[in-house]
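Student: The feature active site, nucleophile is assigned by Swiss-Prot to Cys154. Summarising the annotation, Swiss-Prot assigns Zn(2+) 1 binding site to Cys8, His10, Cys83, Cys86. According to Swiss-Prot, the feature domain 'USP' maps to 145-683. The phosphoserine annotation in Swiss-Prot covers Ser112, Ser132, Ser134, Ser306, Ser369, Ser408, Ser413. Per Swiss-Prot, the feature phosphothreonine maps to Thr259, Thr378. Look at Swiss-Prot and you will find 101-120, 258-308, 322-415 tagged as region 'Disordered'.
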Amino acid sequence: MGDSRDLCPHLDSIGEVTKEDLLLKSKSTCQSCGVSGPNLWACLQVSCSYVGCGESFADHSTLHAQAKKHNLTVNLTTFRVWCYACEKEVFLEPRLAAHPPGPAPKFSEQDSPPPSHPLKAVPIAVADEGESESEDDDLKPRGLTGMKNLGNSCYMNAALQALSNCPPLTQFFLECGGLVRTDKKPALCKSYQKLVSEVWHRKRPSYVVPTSLSHGIKLVNPMFRGYAQQDTQEFLRCLMDQLHEELKEPVVATAAALTEARDSDSSDTDEKREGDRSPSEDEFLSCDSSSDRGEGDGQGRSGGGSQAEAELLMADEAGRAISEKERMKDRKFSWGQQRTNSEQVDEDADVDTAMAALEQQPPETQPPSPRSTSPCRTPEPDNEAHMRSSRPCSPVHHHEGHAKLASSPHRASPVRMGPAYVLKKAQVPGSRRRKEQSYRSVISDIFDGSVLSLVQCLTCDRVSTTVETFQDLSLPIPGKEDLAKLHSAIYQNVPAKPGACGDSYVAQGWLAFIVEYIRRFVVSCTPSWFWGPVVTLEDCLAAFFAADELKGDNMYSCERCKKLRNGVKYCKVLRLPEILCIHLKRFRHEVMYSFKISSHVSFPLEGLDLRPFLAKECTSQITTYDLLSVICHHGTAGSGHYIAYCQNVINGQWYEFDDQYVTEVHETVVQNAEAYVLFYRKSSEEAVRERQQVVSLAAMREPSLLRFYVSREWLNKFNTFAEPGPITNHTFLCSHGGIPPNKYHYIDDLVVILPQNVWEHLYSRFGGGPAVNHLYVCSICQVEIEALAKRRRVEIDTFIKLNKAFQAEESPSVIYCISMQWFREWEAFVKGKDNEPPGPIDNSRIAQVKGSGHIQLKPGADYGQISEETWVYLNNLYGGGPEIAIRQSVAQLPDPESLHGEQKIEAETRAL
């Protein structure tokens with residue numbers, strides 16, 4: 001794709017350049033000060049062979065360019081070219097290919113025939129996170145942009161700043177913007193993408209006004225309308241759920257076979273699960289942070305460039321060795337959960353058997369586990385497979401009951417769960433529901449983890465296991481007594497019962513509340529050592545994952561014993577997320593009052609280790625996390641102010657984001673903060689070395705006969721994830737191995753071309769695939785799409801014709817009822833809004849059975865009226881039932897003349 005980057009007028013001043021010359025110069029030293037590489041710069045002016053150091057030393061390369069008026073220089077480590085006059089990167093690929101003496105570049109047209117499809121040239125870009133770590137014209141790092149307060153919107157600003165400083169998510173919206181496509185309103189992903197682009201723009205303003213995103217979130221959830229203070233954690237959940245809904249894509253079934261074919265250590269990180277919400281803050285038993293996100297399980301593109309981008313945009317995370325100012329030249333240009341069911345695994349089996357059954361399923365084909373609001377924390381664990389309602393397209397309903405709390409920071413709303421149905425799956429009335437489809441999005445790829453919840457009967461030792469997906473962990477803050485129990489349990493290696501931890505601040509009357517308030521004031525004026533050990537984040541995690549006894553009013557209903565039994569309940573992490581979101585439960589809301597737990601919780605800036613909390617079946621190799629950002633709340637439960645502390649990924653410094661004001665702070669300020677929400681990122685030196693190795697392979701520029709297309713989205717994961725998982729090219733391929741027709745017109749936004757040596761290295765390291773050397777539209781999908789379009793057209797035309805006849809009928813002999821819930825699904829399908837046809841007609845929601853066994857319409861039911869012909873037509877297509885008629889055939893009315901005669905006779909009789 002040609003663009004202005006190819007039009008540098010100074011290219012004519014370049015002499016002959018060959019790969020051998022550049023490699024030879026890369027081993028030399030600065031001709032002014034004698035310093036050796038890496039990151040020397042070579043002048044490209046005709047007849048000039050000067051090699052100078054960069055800004056990590058004395059920057060003689062820049063001094064030479066200014067003194068000699070030589071505009072073009074090339075970095076001898078990354079082989080990227082900078083023009084001082086144009087102040088931008090330029091690309092030499094077309095020019096290099098034109099010089100016969102030099103070796104043909106590895107991606108020249110001689111190496112492989114031009115594609116047979118009308119694709120624009122696909123850029124060769126292996127972009128590293130560091131590539132986006134470029135700086136301003138004034139040498140200030142990017143991302144230091146404030147956000148204007150729109151009226152008590154600090155909760156939103158703090159949350160957005162914290163998310164903005166999560167590199168995997170930000171890089172997706174910056175580098176993979178072409179994947180941000182949705183037809184769902186209010187297109188919040190577009191608003192968020194625009195906001196991120198403004199915040200991280202090279203010419204960033206001092207602050208931005210997030211009006212569009214604020215308006216969109218208010219459309220999604222009415223709770224955020226008005227100007228009342230809200231809870232930043234509720235905002236985060238709502239925002240990420242909506243982003244997931246808008247960006248989710250179905251998981252291609254054949255992708256599972258790819259993970260089986262490769263023996264990759266990191267394959268589990270690519271496991272596709274639908275997104276889920278975090279749990280209620282009301283109860284603390286043992287696993288209270290699983291949540292219900294609904295039908296999306298969890299994993300986008302950057303605008304393409306021209307073939308000239310074959311210049312290899314791979315930035316080095318080794319760039320840590322390059323000075324940050326050096327990156328201005330080197331990278332300045334580069335920024336241009338559904339699921340409805342909690343997966344209860346083999347309830348009647350022992351845990352080993354259950355886990356064996358789970359492991360037999362490839363990660364990408366396992367049934368989506370819901371973000372159910374913590375079945376493991378319900379007072380009485382239900383042994384049935386819990387059926388949760390799928391996440392609505394708009395999370396509005398999750399908050400309706402809590403608008404009254406809008407004036408104060410909210411707890412993690414218990415209404416985040418869907419209603420738990422009392423029917424087992426086998427009891428769902430005769431309708432076969434649509435086959436459940438697994439979904440993933442960038443949100444679920446980054447934030448989704450899973451926990452294994454186990455409940456053991458202490459009488460028969462039966463163990464029930466449930467796999468749940470979480471988006472964040474809501475941790476209780478242990479009190480002094482709970483802390484002593486936890487430490488005692490840790491040192492004695494015995495299970496602790498943390499149940500009281502979550503309730504320690506709950507069962508308080510007014511008097512207890514006043515006493516507690518006075519105590520807190522005294523504590524705040526007294527040195528912390530006087531009160532004993534400080535609560536740590538590890539203590540909160542230990543309290544969360546500790547075993548919980550089920551006895552008394554909270555006994556376990558054992559399926560095997562068929563009785564209420566004493567039991568024990570605990571959970572372990574089965575899969576770690578790439579970014580771990582931790583929510584500390586500081587707010588308690590009672591009927592008459594609310595209050596805030598202001599206890600300081602110390603947290604590590606680096607090296608948070610979750611190994612003690614992992615299940616033995618956990619396949620995540622990287623278990624340590626480094627802090628990215630922390631959201632703090634200053635004030636009380638009724639009022640206050642949110643700010644965020646974030647580490648800038650460019651220079652590693654910490655900054656305070658207080659609405660439109662951004663201030664650099666020392667890390668000790670962060671450590672002493674009253675944390676409310678924390679974002680941790682997996683840390684791995686091995687991942688950094690892996691990126692450096694790929695940079696080196698790409699810099700070799702070996703000629704290759706084959707070019708390999710790789711998913712731009714997966715490449716972004718490779719550049720920003722510690723465990724990217726197997727290569728997943730099914731983000732741009734269909735199940736038949738071709739390009740889906742609906743993606744063909746923007747395929748250059750979905751793929752990146754890699755040289756053969758880079759592909760072979762990535763494939764041998766991560767597995768996955770499949771290998772793609774040729775892009776073509778899938779003819780099978782095209783036929784299926786045409787057949788589907790024809791089916792839709794026939795169904796909707798037939799319905800319209802039958803309905804018109806029904807409307808024209810003055811006195812229909814019979815009227816049939818149809819569930820509007822099913823009808824809306826069918827309507828979305830025939831109008832092209834949903835690719836999946838509805839399941840069988842399900843009138844069970846609008847039907848009730850009388851004592852005689854007669855089925856009739858339920859009062860207040862959500863139904864529509866259709867003719868008998870329409871019912872027969874739809875029932876023949878989809879099946880289902882039951883059949884409900886609200887008006888049966890009526891007896892024939894008497895003839896008006898005979899009626900008049902009868903009236904006359906009756907009148908005469910009365911007269912006599």
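Along the chain as shown, the residues are counted starting at 1.
Using the three backbone atoms N, Cα and C, a Cβ is placed for every residue, glycine included.
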Student: In whole Å, how far does the CA atom of Cys86 (Zn(2+) 1 binding site) lie from that of the residue listed as 'active site, nucleophile'?
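Tutor: Cys86 (Zn(2+) 1 binding site) to the residue listed as 'active site, nucleophile', Cα-Cα distance: 40 Å.
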Student: Please report the number of other Cβ atoms within 10 Å of the Cβ of Cys8 (Zn(2+) 1 binding site).
Tutor: 21
Student: With the cut-off set at 10 Å between Cβ atoms, which of these recorded positions ends up with the most neighbours? Options: Cys83, Cys154.
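Tutor: Counting every other Cβ within 10 Å of each candidate, the maximum falls on Cys154.
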Student: Under 8 Å Cβ to Cβ from His10 (Zn(2+) 1 binding site), same chain, six or more residues apart: give me those in sequence order, or none if nothing qualifies.
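Tutor: Asn71, Leu72, Cys83, Ala85, Cys86, Val90 - these are the non-local Cβ neighbours of His10 (Zn(2+) 1 binding site), listed in sequence order.
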Student: Over the domain 'USP' (145-683), what does the predicted model average in pLDDT?
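Tutor: Averaging the confidence scores along the domain 'USP' (145-683) gives 69.
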Student: Which of the three DSSP-derived classes (helix, strand, coil) applies to His10 (Zn(2+) 1 binding site)?
Tutor: helix
Student: C-alpha of Cys154 (active site, nucleophile) to C-alpha of Cys8 (Zn(2+) 1 binding site): distance in Å?
Tutor: 44
Student: For Cys86 (Zn(2+) 1 binding site), list the number of other Cβ atoms lying within 10 Å of its Cβ atom.
Tutor: 16
Student: Taking the recorded Zn(2+) 1 site as Cys8, His10, Cys83, Cys86, identify the other residues of that chain whose CB atom sits within 8 Å of the mean position of the site's CB atoms, giving them in sequence order.
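Tutor: For the Zn(2+) 1 site the neighbour list reads Pro9, Leu11, Asn71, Leu72, Tyr84, Ala85, Lys88, Val90.
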Student: Which three-state DSSP class does Cys83 (Zn(2+) 1 binding site) fall into?
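Tutor: DSSP assigns Cys83 (Zn(2+) 1 binding site) to strand.
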